[in-house]
């Protein structure tokens, strides 16, 4: 398939078949009127960024220690924020305020870089989105298993056999997603994002509060400036692998660039979208960094070098069991919404490509109006139903085969952080701003990019080693 032809569908509206044709349109690209604001964009960002990975940060800091741990958190936060400002300016091209809109990340890369980089961007972006939805399926199930085990331990004692399989909970999660996935497009999920963002604050506060309570009761755990101790906690090789993996966990905790352009495409055109997006990114990154720092540092102080991979599901806390249960339920609710934030761009891409590939096929474009009590009329598309159901079934099946939270999160973060968060935003900004080659700005931007590439490679290697170790002791579809 030739590149110019392939990009026709990239330029199509992801919501072309889903808006009211009689509505007066005030946009400059013949799309439905955008209503997004700083609030909705920030909610989308927080929903995408503050994931359950926040609960693994205590473990990550335990591997790095008091010096490198917080420093790495701050470094990734600054890099994510800075690169998000570069990417926000690429929503319109060639001028960041008056140029033509780029509705997707791939469209922005096409407009600014073109060539084979469009395909590489698409590969990285959609692999990342798929990986995140799989990780969220895993984590939601782990959280619900933790609720069941917590109540079992409370009823039968801490030494009771309370093993349970996460597979049934993955199926329940998938059934919920089957319903929510019929929301037509990204523009219609802002309410879901706000609810999910509230849930992320809730379980983050619970994890933070429980850590502080543990410190008040037992004092600070066994910690060190350099993290877990070789010869005491781990072997030298395990220390290296864990450090690499922790880089991936922290990187994935800040990643949202793969949906930034799609979020920006929901914003009203006045004030300029890039200014609103930069403000939303700043607010979102500041809020998440504060939460991450508090949860990671307090979690490490509470558990020391024995910090679990997930503070709530790894049974770092047993009591009060009802509060731990609430935290895990909040995680599951948050991930229900977050799954849609990361899957909607995939749905839009596949459906737009299908309409471009087979323009005369009525199955792809026909919709049937049905009345839903309390919601009004809904336009049902059988193609959308079949396509999205198939995707959810596939990600759920993969999640059942690879239910390894920490290593999977680290692998996804390691693979995707550099290309999507750093490389493409830097290259597009250099091209759009016409920064001279080998100038000081050009040099330092590429130094940052190279350092992030090394961090991503190390994180991916560490997570692959962890997955290899996990597979050696795992039997698919067995009880945990």
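Glycine residues also receive a Cβ, built from the backbone N, Cα and C atoms like all the rest.
Pulled from TrEMBL, these are the features on record:
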| type | residues | note |
| --- | --- | --- |
| DOMAIN | 34-467 | domain 'Amino acid transporter transmembrane' |
| TRANSMEM | 38-61 | transmembrane segment |
| TRANSMEM | 67-91 | transmembrane segment |
| TRANSMEM | 126-147 | transmembrane segment |
| TRANSMEM | 167-183 | transmembrane segment |
| TRANSMEM | 189-213 | transmembrane segment |
| TRANSMEM | 282-302 | transmembrane segment |
| TRANSMEM | 322-342 | transmembrane segment |
| TRANSMEM | 385-405 | transmembrane segment |
| TRANSMEM | 411-430 | transmembrane segment |
| TRANSMEM | 442-464 | transmembrane segment |
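Highlighted: of the candidate stretches 38-61, 126-147, 189-213, 126-147 has the greatest count of Cβ pairs under 8 Å to the transmembrane segment (385-405). Long-range neighbours of the transmembrane segment (189-213) within the same chain, counting only residues 6 or more positions beyond its ends whose Cβ lies under 8 Å from a Cβ of the stretch, are 36, 40, 43-44, 46-47, 50-52, 54-55, 58, 180, 183, 266, 291, 294-295, 298-299, 301-303, 311-312, 317, 323-324, 326-328, 330-331, 333-338, 340-341, 344. Relative to the transmembrane segment (411-430), the listed stretch 67-91 leads the set 67-91, 126-147, 167-183, 282-302, 322-342 in CB pairs under 8 A. Only pairs six or more apart in sequence are counted, and the transmembrane segment (282-302) with the transmembrane segment (67-91) gives three or more Cβ pairs under 8 Å, enough to call it a contact. Taking every recorded stretch in 67-91, 167-183, 322-342 and counting its Cβ pairs under 8 Å to the transmembrane segment (126-147), the highest total belongs to 322-342.
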